[in-house]
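Copied from TrEMBL, the annotated features are:
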- A:LYS78: active site, charge relay system (ACT_SITE)
- A:SER159: active site, charge relay system (ACT_SITE)
- A:SER183: active site, acyl-ester intermediate (ACT_SITE)
- A:24-472: domain 'Amidase' (DOMAIN)
Amino acid sequence: MHPTDFTLRGALDALTEGTISSVELTQAHLDGIAKLNPRLNAYVTVTAEKALAAAKASDERRAAGQVGALEGIPLAIKDLFCTAGTRTTAGSRILDSFVPPYESTVSQKLLDDGAVFLGKANLDEFAMGSSNTTSASGPVENPWSRANDPDTRLVPGGSSGGSAAAVAARLALGATATDTGGSIRQPAAFCGIAGIKPTYGRCSRFGIVAFASSLDQAGPVARTVEDCAILLKSMAGFDPKDSTSADLPVPDFARACERGVKGLRIGVPKEYRLDGMAPEIVALWEQGLQWLRDAGAETVEISLPHAKYALPTYYIVAPAEASSNLARYDGVRFGMRVTEPGSDLRDLYERTRAAGFGAEVRRRIMIGTYVLSAGYYDAYYLKAQKVRALIRRDFENAYADVDAIVTPATPSAAFGMDEKQDDPVAMYLNDIFTVTANLAGLPGLAVPAGLDAQGLPLGLQVIGRAFDEETVFAVGRALERAAGFSALPRLRAGA
Amino acid sequence: MSLDTATIRRIASLARIRLDDSEVEQAQAEINGILGWIEQLQEVDTDGVEPMAGGSPVAQAKARLRPDAVTDGGQADAILANAPDRQGEYFGVPKVVE
């Protein structure tokens, strides 16, 4: 077996048994990166020397009997997490040369548990996008391709496209990601892997470049549900440096995976049966529900009457918060600066921000600035926060009757790099099934569940109650077991 | 509601993003497209609904207070390490006061 074919769980077992070392495991992944990253562009920065030194230190700790929960496991870190001494770009020109002097809480927790960082994963600029085509470091390619059309290069989804592509192509055993409207779950589904956005407050946001603070959550992507559970256990936990961090114990998520679904009531939102939905997506959804019934769960139709307003609500709240958060990029304290001879301070701000931000980021800052501007705040932002309260209430009502909700993860499989790029609203519709969980703050897991007619992966989504990731993992694992998803992308290490 | 070019210029100015004349029309079309789509929220009856504040899934999550004490500081070099124009212990900017 090639070392890059291990699951994270399998690699931990092999390291424990001594059949492989962290240095060997890390080197195999670095070899895969050297071979495939020039094409996939999944990594923005590869920290090969640091990774090998960390792997060697991990092997020494293991030999001395000090074994962390992720001891020696090579991971990719989305380039939105600040990493001390390693450039962190957020996929933006404006942070092109930014080297954080501090470490994000989530990445520090992974280091504390013995993980090895291979490098920083590509992403849409400031995590704004659903295709990973807005990165200043160039687009990421999905390692999958259509069976009947292998030459059309597909997007990996976004914004965590580099994380998802790296894990799918076996260039990391797992990766950190973030999800503001679907940025973990949509790329996971497009790349045939699993990914969970936990409950808002479960993972600290300290040291993660902010996009929309009331929606942003960190989470893992990995090739199995159990691997996600192992990673989330390490990433999660209370952090006094994040005022919205939840002061709650972190359960043993991996153990919850094997709970089974017998007796669970699974909600099926009728509003998610969209007009014109691809028949393959409808069929996969039905199949998933049947798998759960076969495993002893009961499926129940529920109603989320305000779900259809989720995307327009999101496209007020997220740009508004982004326009505030991104005000810090002023060309003065860090990041790039652009001036002309004779520029005054205002001109410095305006030139720096015009040159430093890409088109999608500029567009969202302007929308956000408008909806927050004097005279329009009530009509837009306040209205959206009221609709958001109704969306959360819809879920509260549903969870009086069901334990979890199952939906498709995305309205389609991965699309071509040149498709859907002209119309922002068409691009935004990618998040139609995922964005409600961000607005309501709830956990959502994407699980690979099947292939479309062209051989591309499709995912299902499990949405849970607040802070009940355990049930989400149990349902996700049951779907994963029944689906037996074993297809592989064409581009992958060791192939 | 459709925004005119003057409003687009005003938003760009508020956002401190330089917008060349050639970029105004495209920005106008894109922003109006998005705002037109967002407009559907006006049909939702939100009378008497308390707006959500923050992202917590638990209604009325309480803000935590910590002791009002200094916990950090004395890190001028780390703070200035990424400055585009460092002047001693200060960030340099173009002359602001004549």
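The backbone N, Cα and C atoms fix where each Cβ goes, glycine too.
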Rounded to a whole angstrom, what is the C-alpha distance between A:SER183 (active site, acyl-ester intermediate) and A:SER159 (active site, charge relay system)?
5
Measuring Cα to Cα, how many Å separate A:LYS78 (active site, charge relay system) from A:SER159 (active site, charge relay system)?
10
For A:SER159 (active site, charge relay system), which residues in the same chain are close in space, meaning a Cβ under 8 Å from its Cβ, but six or more apart along the sequence?
A:GLY91, A:LEU123, A:ASP124, A:ALA127, A:MET128, A:GLY129, A:SER130, A:ASN132, A:THR178, A:THR180, A:SER183, A:PRO187
Within the domain 'Amidase' (A:24-472) only, compute the mean pLDDT.
96
Packing count at the residue listed as 'active site, acyl-ester intermediate' (other Cβ atoms within 10 Å of its Cβ)
37
Three-class DSSP secondary structure - A:LYS78 (active site, charge relay system)
strand
